[in-house]
Amino acid sequence: MCTLTSKRCDEVLATPLPYSAFSSSSILGADFGAGYAKLNRRVGNGGWSPLDSDRYRWLQVDLRGRKQITAIATQGRYSSSDWTKQYRLLYSDTGSNWRPYRQDGNIWTFSGNWNSERAVRHELQYTIVGRYLRFIPLEWSEEGRIGLRVEAYGCAYWADVINFDGQGVISYRFRQKKMKILKDVISLRFKTSKGDGVLLHGEGQQGDYLTLELRRAKLVLQINLGSNQYGSIQGHTSVSSGSLLDDDHWHSVLIERYRRSVNFTLDQHTQSFRTNGEFDHLDLDYEISFGGMPVSAKPSSGGPQNFVGCMEGIHYNGDNITNLARRKRVDTSSFRNLTYTCPVSQTFPAFFNSTSTLQLPGQSEADTVSVSLQFRTWSPSGLLLFTPLMPGGVELSLVEGKVVVHIYISQGKNARVDISSGSGLNDGQWHSVHFLALESFAMLTINGDETSSVRASLPIQIRTIGDYYFGGYFPRTDLSPSQRSFQGCMQLIHVDGELVDLHAVEKGMLGSFENVSLDMCAIIDRCVPNHCEHGGRCSQTGDTFKCSCDGTGYTGATCHTSVYEQSCEEYKHLGRTSDSYWIDPDGSGPLEPFKVSCNMMEDKVWTTLVNDLPPQSAVSSGSDPAQGTVLRLNYSMTTDQVNAITSSAEHCEQYVAYACRMSRLLNSPDGSPYTWWVGRGNEKHFYWGGSGPGIQKCACGIERNCTDPNYYCNCDADQRQWREDAGVLMYKDHLPVTQVIVGDTQRSGSEAKLTVGPLRCQGDRNYWNAASFNTPASYLHFPTFRGETSADISFYFKTSSSYGVFLENMGNNDFIRLELKSAYMVSFSFDVGNGPVELTVRSLTPLNDDQWHRVEAERNVKEAVLRLDKQHREVRAAPPQGHTQLQLYSQLFVGASGGQRGFLGCIRSLKMNGVTLDLEERAKVTPGVKPGCSGHCSSYGMHCQNGGKCVEKYNGYSCDCSLTAFDGPFCTDDVGGYFESGTMVRYDFMSDSTSAPVGKGVSGALGVEGNLTQEELSFSFSTSHAPSVLVYISSKTQDYLAVVLRTLQIRYSLGGLKEPFTISLDHRNMANGQPHSVNISRQERLIQLQLDHYPTVSYSLPDASDTVFNLVKTIFLGKVFETGQIDPVLIERYNSPGFVGCLSRVQFNRIAPLKAALRPAIPSTASIQGVLVESNCAAFECCVCLCLICIIAVVIFTILCTLVFLVRHMFRHKGSYHTNEAKGAESADCADAAIIVNDPAFTETIDESKKEWFI
């Protein structure tokens, strides 16, 4: 039986051993022998030292039996200057095929000694099992040489071993014919040099099965707890783990299943998953087999191969299968020769890195080159072999995953023969290569496939020198290979048809090598486990991996960080407008991004999720009257994605409507409902829109206005007329509606139509979840942060302080901390065991400006990143070797802790690995910290445009557009109206008796007495009709301001002049149907006018004119209807029939008369005469017009050129035509075009006599 135990395993293993149990690569002298290398011993010369100090030396310990090793310790040679500062550990069962100790995805380098006396002990991260240990010094004392004393700690290990030959299978028969198993625990250890084979298999007649199988050196677990015959339930589940498992080393497997939950562990790496389908029991018949499938279970086509290799410690649900086999209590009759020992591997691999080379001798002056080998690698390119010839040479390389042979031949001039074969050979699998050059041809064979061998003719007969370089060739010669090195493993190397004895190479008796690790293959699959998250594609070379994140929605070295914002709320506060957006509510969490519709309102942001049920869907009768008719709704996203929206929202709602004719809905509150709906969590609900949970009524039943007062729903009256019950479902924990089951459509004459609107949610509690830290000692604490290999932290902060710790989490030595270092610097520091690392980013502007700033920090096995305000960024690559796991144990502290300088200010939206921490809830019960944070306008107020005022809210801000001529979430939407003939808008200023006149307190606005020395008037218009009045502002005196249109004219009458001061733009036709903007401002005598996007022009009132606009009374738009004395010119020429067209964004100082008239819900003095239809007059962009003009102009120019050409040839007549008259403005397509056509500055003179103009 296997004795891998969980009890304390810490016995001294090396010290009790005899001298002969120790061996080494060499010794400095008799007193420096390997047998003296025992910890704390002083015999001999106090330890082992080799003859030469280099990286090829080793000290080996034979533990005289397989042991569990849990710790090791080293010490320098006693009372000397000799010690080992760094070393590696290898272990083996047989003294060959060594396996390096690995940790954190790398061949681990242990830190050793810095003097000769102090012992340094290392606890192994996981228990290893082996008989032989080998210590490889990598770095040693500068003052002396390699010196070493060692110890190993652990305990005994023993297990029954069975050798599987590929034919035999162990069949474990159940006590009952059929087993219905709810829980499984299966464990075993295996080792093999074959990449394919079934380790265990069981199946049942109902289709259930359990299979553990090697496929291409990966372990695949397949399990099916049941599928149904209709295919609606598919139980097949397949999970793979590990890689390179054909390395002839022991690997441990543990399968734990309870119902559908499975833990699948391979060599300390556990995958947890749930099986597909809906069944919990594994139904197996008769038996479960180990080592392959029994003949009766194999398909006729042959099926998968049986396992070839060794297994030990096989346990199945409490039974020791290997022990039962030894006692012949299970069926082993299929074995030809069952043995309980594991044969020693006959292969002798060699491991190469980028600096390795292996030189082997061959026949010299031969006319044949014959080389074969096996290799495995992840690198797409590398040198397998180079051998020089007389003259020339042969290069055998891997290039982009295929084997390429370059045969260099010098014959008068340089020549080269190329052969290539294979593809994708850098897949980590063993591949064989055989190259033969004989007489006048060369042949390349891959993986022993003679039928696919590639041949090439040679122009001359080759002549060998006899030197073969494998894995690297570094001399700089006239002829050098295109590839210089190789990263991976080779074995079974043949030169001139003979297998090379690598044992002799290791002993220095044959050839030579440099930086080659013999008798081991230490290749590592850096993509298993896959550190590329969210579907990122992993690729690797010999020493690193990289992730391709294309199309995943994530970015970063490991595809950890989402490229999308978490909600519509966050998009709004980036200044985005209503549209469809991709969101990722949990950031780096497991939820995939998905697309939603964001509706940015003035004070709310709505997230809309549509379903696929058309409005007014007719409900047909179901096949089973008892079951009713089921209408299913799909939302183009997963249930978890929908739940992420509803969970974080402040409010959700969904409109439902049931139109009926003789089709009852809910029945009475005490009766069984005819219709119900299914929501979140697959729960049934028996209330309808407008009602609430537990109330089996419709909206009319709540409001007591149903068609028949005896019922609580209109449809329950069962009338022949069409009725409807409609309303909004607002209990968000029940939403969304996923099914509606209609039960009363079976009767003759019964009809029903169903409408289920989109799910609408507003607010994001995660985004605004905030806490205020009021004292330097205040903090919040949360459970320990779990981010072992991948961690991200993001939050917003605002402060007036120049320093403070944002958050901190500690371990024994590891830690993680984010800190405000100064008014301009944020720091991210951590330690995963390789020493403290600190990243800092510096802002160009102060961070203690009491505005919101965003911090994002990420650490993974590849790099660490710190970002500030999405602008400043620092990246620090992780060391190529070292610790990668962040081990934390203390609580997570947000704010001050452990004597650190506390943070003063606000933190919000703190998210760690996709989970938002509830700062507000924790702050409610924590002294010195308050929930929420005010002052959002200081950071986001710039989004409120056109004079909109930012208004603080508990969970954000909104833009107050009430004193502007605009609407929308950011006061950017024009408010306009279309005026029909005779339409007029009138806005009366408040009387003198009003205590708070409009515009009070605003610079340049009306005072109490209504006298102005400065004003601003702005508006946009479009019309094709002139003359007309655009804007007229009257007073209680004869003062007025008018903007009229025949040609655009501004008329100021402030007294002191006989005639109004007039500004006319006679050369511009503004009544061309295109939108125009007008901005007029006056300061005393100075008047400034800006039209459209042209430069501002200044005018000045005459000295005789007054500068006070006295007693402003009324604003008229479109037409004037005023009592008292009015300018007769204005009435006679412009007032009839009135303005016809669009006016928008009309604003006089802080008054928006047109908006006031179109928003009757807001109290105002505005009134409308005639027909005014709200319209967005500025919807047409002039650039579009210009594009059309350009296209039309090109066409017209082409036609004109053609006509001129024809005229020239028809009449041969010379003459000229000059014009300074403005023509064509009436047909211009936009404002810019009209101005260009009409403005004398843009007139052209066309002279036919200038022939070059027509070329």
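Placed from the backbone N, Cα and C atoms, the Cβ positions cover glycine too.
Of the cysteines listed (Cys906, Cys959, Cys961), TrEMBL assigns Cys906 as the disulfide partner of Cys933. Contacts between the domain 'Laminin G' (769-933) and the domain 'EGF-like' (523-560): present, as 3 or more C-beta pairs lie under 8 angstroms, all at sequence separation of six or more.
Sequence-distant neighbours of the domain 'EGF-like' (523-560) (same chain, 6+ residues past either end, Cβ-Cβ under 8 Å): 102, 105-107, 218, 241-244, 269, 351, 353-354, 376-380, 428, 487-489, 582, 584, 588, 592-593, 789-790, 792, 858, 860-863, 865, 880. Taking every protein chain shown into account, Cys906, Cys933 are the disulfide-bonded residues, and of these the Cβ with the most other Cβ atoms within 10 Å belongs to Cys933. The domain 'EGF-like' (523-560): residue composition by secondary structure is 0 helix, 10 strand, 28 coil, according to DSSP. Looking just at the domain 'Laminin G' (347-521), the mean pLDDT is 91.
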